[in-house]
């Protein structure tokens, strides 16, 4: 069947989507919001996104890739935002395998090898 | 990772043969997955239970009875371990170390065969090899042991609360596990063949046993199990254990939900093809003798860790030996691993930290007339208000009279023993004498000032 992508914005949408696909491998990339020209306020996210997208074909069949915009810079900087509280995210970009401790943060997302390892790890 | 720093091409072969009950785990070895890390976390869980009890005397008011949920604890612990496994994978990758989750064995000089869990085989050659395969728990060899008993390999990820438990063994693994299981509120019995904590200072070992007994852990001494049968299946089920006295013909029976075997660990050196490359092992123990540069009798094969003969089985020792070895091989360094005066701690309910000689070994080596033992009981300030035992905590140091009363043995029994011992270990390595110790002013009020 291959894999499919879901684009969401904000924590509530993310949580609902993750729950809907419970039982399938779920990978999520969290990035800062994008402006009208499609550019994120988070420069590392801008760098990471194309690298991650190039490796998506390595995800196992039936995987769901959730591309999640977390919010604007002010929201993200708040130490009590829902992503920090509920998912224990510490930075953007974060690429993770939902439901496991496996994740890559910031510059780790720039390394195609590590991204591939996350997608193919047992 | 150390070798990769020197631009060497490195590969790691890590594979966990599943336990008889089918358990396995990720990258990191025993300590991370089924040893020190989960052990200390569960020990902490038990200590927190005790702290909750004490807290009432310090003014915290709560009416509900506090209970422990095994699954919640186990899930958190396993999650943490998972993040460590993942962290190692990332670290190896970043340092360009090739990792294969495959079982390695020598098939010819300089050649290793790696078999992964699907049975696919690959051959690799290398200039040098380092064996660090560690050990696995020993089974009793009695009917029912593999089918119904668990070991420390299974305990830390057990998907159900073990319930009423019989711990077989008197090693630190046995006593630590018995300790935290009881601390979590479970009914625990320890079956001991002869003495407690063989190899450790026996004066202290007995105090530890006494403390555990006074705090609800039952001990059955001088018996060994001869049969384990299943009365009822379940998670946990019910097991019947039959045991025989070591001193006669008496037979006793007992019923438990879980039987945890902690009678020793055997080196994983028998099935890795060492005979094909000529590496000598001690046939009886399976351990590998090495010279003081961790080299086996085959010059290009080295070994570190628990599998070494006559060396301490401790994680930091293995790590240090490995790092120094690589620095000697590729970094031009000359320092060898110092196996003397290595501090250790046993995380029984009353923690025990030690560095240097036990009293018995000191007497044996230096003669009773040449050593002086200074000791004291102490009552931690934190224990006074909740009226906890006032004469159980204990510290002793052993000095060599002929060498300026140099401190050659340090032993402390009490809370945070590990933290206390670490500093004193550094002092002992520097050759601290009793006089220097006396002239060091204590921090007050802490246990360590004694």
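Cβ from N, Cα, C; glycine included.
Lifted from TrEMBL, the feature list:
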DOMAIN    B:2-322  domain 'FAD/NAD(P)-binding'
DISULFID  B:31-B:36  disulfide bond
BINDING   B:40, B:104, B:306  FAD binding site
BINDING   B:169, B:170, B:171, B:172, B:173, B:174, B:175, B:176, B:264  NAD(+) binding site
DOMAIN    B:342-449  domain 'Pyridine nucleotide-disulphide oxidoreductase dimerisation'
ACT_SITE  B:444  active site, proton acceptor
Could you tell me which of these binding-site residues, B:104, B:169, B:264, has the fewest other Cβ atoms within 10 Å of its Cβ? B:264
Measuring Cα to Cα, tell me the gap between residue B:173 (NAD(+) binding site) and residue B:40 (FAD binding site) in whole angstrom. 11
Pop the Cα-Cα gap between residue B:31 (disulfide bond) and residue B:306 (FAD binding site) into the table, whole Å please. 11
Quick note, residue B:171 (NAD(+) binding site): same-chain residues at least 6 apart with CB under 8 Å of its CB -> B:197, B:198, B:262, B:263, B:264
Helix, strand or coil: which one is residue B:306 (FAD binding site) in, per DSSP? coil
Quick tally, other C-beta within 10 angstroms, B:31, B:173; top of the recorded positions is B:173
Candidates B:31, B:169, B:175, B:444 (recorded positions) with Cα within 10 Å of residue B:104 (FAD binding site): none
Can you give me the residues near the recorded NAD(+) site, meaning same chain, not B:169, B:170, B:171, B:172, B:173, B:174, B:175, B:176, B:264 themselves, Cβ no more than 8 Å from the center of the site's Cβ atoms? B:167, B:177, B:197, B:262, B:263
Which of B:40, B:444, all recorded positions, has a Cβ with the fewest other Cβ atoms inside 10 Å: B:444
A correct count of other C-beta atoms within 10 Å of the C-beta of residue B:36 (disulfide bond) gives 16
Is it possible to get the count of other C-beta atoms within 10 angstroms of the C-beta of residue B:175 (NAD(+) binding site)? 27
Using DSSP with the three-state reduction, classify residue B:104 (FAD binding site) as helix, strand or coil. strand
Kindly report the helix/strand/coil residue split of the domain 'Pyridine nucleotide-disulphide oxidoreductase dimerisation' (B:342-449) according to DSSP, in that order. 39 helix, 33 strand, 36 coil
